[in-house]
Amino acid sequence: MELIRVLANLLILQLSYAQKSSELVFGGDECNINEHRSLVVLFNSNGFLCGGTLINQDWVVTAAHCDSNNFQLLFGVHSKKILNEDEQTRDPKEKFFCPNRKKDDEVDKDIMLIKLDSSVSNSEHIAPLSLPSSPPSVGSVCRIMGWGKTIPTKEIYPDVPHCANINILDHAVCRTAYSWRQVANTTLCAGILQGGRDTCHFDSGGPLICNGIFQGIVSWGGHPCGQPGEPGVYTKVFDYLDWIKSIIAGNKDATCPP
């Protein structure tokens, strides 16, 4: 019954959330059912909130701006309408944010580390994603995925996650595209310069995967998504490795890069 309630909640996508900076995969195709085993759904009583990434059996990484009251995490889901037998639901036991994060900028140091209330079991549709040992290079082909909008200007959301390939771009591209705001050095600029493929509403918090490695967290981008010359901005996981490892090791006073 619990999973039935979960799926019912996921189908109730409140339009009020569509104005947030959360994003969805536009220009992609249905993901292979086994290629997103680390992809996590964050949801509450209002419905779908964000994506996230399982990094081990007890910890999930998502975007800080995805934080909400009383959310849960769902693992192993592919279709919102058809259950996988190995789907698992967990509550957050603890949530960790960068202590030096700017409170008036929801995408500053846009990373949240979640400790689960109990361990998740690996299964056919559930497995953690490896953290990086180095950042991706410009030109790398990376994978985005999520249940976000498939048409940027309409409230149309898929029943299954969509995936697409995009490229790591020079950081100067995003600085030029978004000259009206600061684009932090601790982010990755990624997309297709001519447009047409991008993360979009409700993809926020999900992974940017390069060569099978967890390299980025969906943070923010242009509106509508997928426009030429307006790539996505992703939190660079590599820059937060020390913070992530310190928190997991029990050092709750760990600080993030400036």
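Including glycine, each Cβ sits where the backbone N, Cα and C put it.
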Record Swiss-Prot, residue Cys225, disulfide partner from Cys200, Cys210: Cys200
Rounded to the nearest Å - Cα separation of Asn185 (N-linked glycosylation site) and Cys256 (disulfide bond): 13
Three-class DSSP secondary structure - Asp110 (active site, charge relay system): coil
Cys189 (disulfide bond) versus disulfide-bonded residues Cys98, Cys210, Cys256 - nearest by Cα: Cys210
Shortest C-alpha distance to Ser204 (active site, charge relay system) - which of the recorded positions Cys31, Cys50, Cys98, Asp110, Cys210: Cys50
Alpha-carbon distance [His65 (active site, charge relay system); Asp110 (active site, charge relay system)] in Å: 6
